[in-house]
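Everything on this sheet refers to the single structure shown next.
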């Protein structure tokens, strides 16, 4: 039975003109493809490829649980542009009541006394010779002699006026200068329109006198008053030079 395929094969070979020798391999035309075989086993992993480009940023993650420490203060910025004026505010609350008026008056009186004392001291020191304070007055002399009018001018320049006693204590204070310099001194009295009527420089009548017995005796010819070394008074011509004594 196997002789039939062999005879068929020989017949095909003879028809195609192919020579066949017993000792050589005959090459025929390709046969019909067979059915695909089953998949083989997976191969081994290949080598790492080249590093790719960075991908886009991912979405922001949730806040962390650990707080961060604040950083250092930055440099001060440049001054900003002045802003517009704001609206007028509401009136403030009423302040506490001020001091009573009488306290202010007392303060003014105290300041006036201080000012007066300063002027007294400044004027007395300007004479720079002898100073004596009696009550609210300061008597001072520069030790120089002059006429009545010249003494008035000198005392006025120093901020005072020619000394005039208005009490026994003040008379004794002026007399102490007269005794010290052993000379007479004018006091601030002048004769009025009537002979023997002596008054203060402001024109008011004299309320204290210490005349030497029999004085005043000039009867209108001696219109000033001088003090002796014992403190007694005598009317005298105003052109004589007498010790300069001022009061402040």
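Cβ coordinates come from backbone N, Cα and C, glycine included.
The shown structure was predicted, so the numbers you read here are calculated from the model rather than taken from an experiment.
Pulled from Swiss-Prot:
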COMPBIAS  54-65  compositional bias 'Pro residues'
DISULFID  155-246  disulfide bond
DISULFID  224-238  disulfide bond
CARBOHYD  207  N-linked glycosylation site
SIGNAL    1-20  signal peptide
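Feature map: annotations from Swiss-Prot on the structure.
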| residue | record | DSSP class |
| --- | --- | --- |
| 155 | disulfide bond | helix |
| 207 | N-linked glycosylation site | coil |
| 224 | disulfide bond | strand |
| 238 | disulfide bond | coil |
| 246 | disulfide bond | strand |
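A straight line from the CA of residue 246 (disulfide bond) to the CA of residue 224 (disulfide bond) spans 16 Å. DSSP assignment over the compositional bias 'Pro residues' (54-65) gives 0 helix, 0 strand, 12 coil.
Each residue contributes its Cα atom, and for residue 155 (disulfide bond) and residue 224 (disulfide bond) those atoms are 17 Å apart. With the fewest other Cβ atoms inside 10 Å of its Cβ, the least crowded of the disulfide-bonded residues 155, 224, 238, 246 in this structure is 238.
Recorded residues residue 238 (disulfide bond) and residue 207 (N-linked glycosylation site) have their alpha carbons 22 Å apart, per Cα-Cα distance. Sequence-distant neighbours of the residue listed as 'N-linked glycosylation site' (same chain, 6+ residues apart, CB-CB distance under 8 A): 166.
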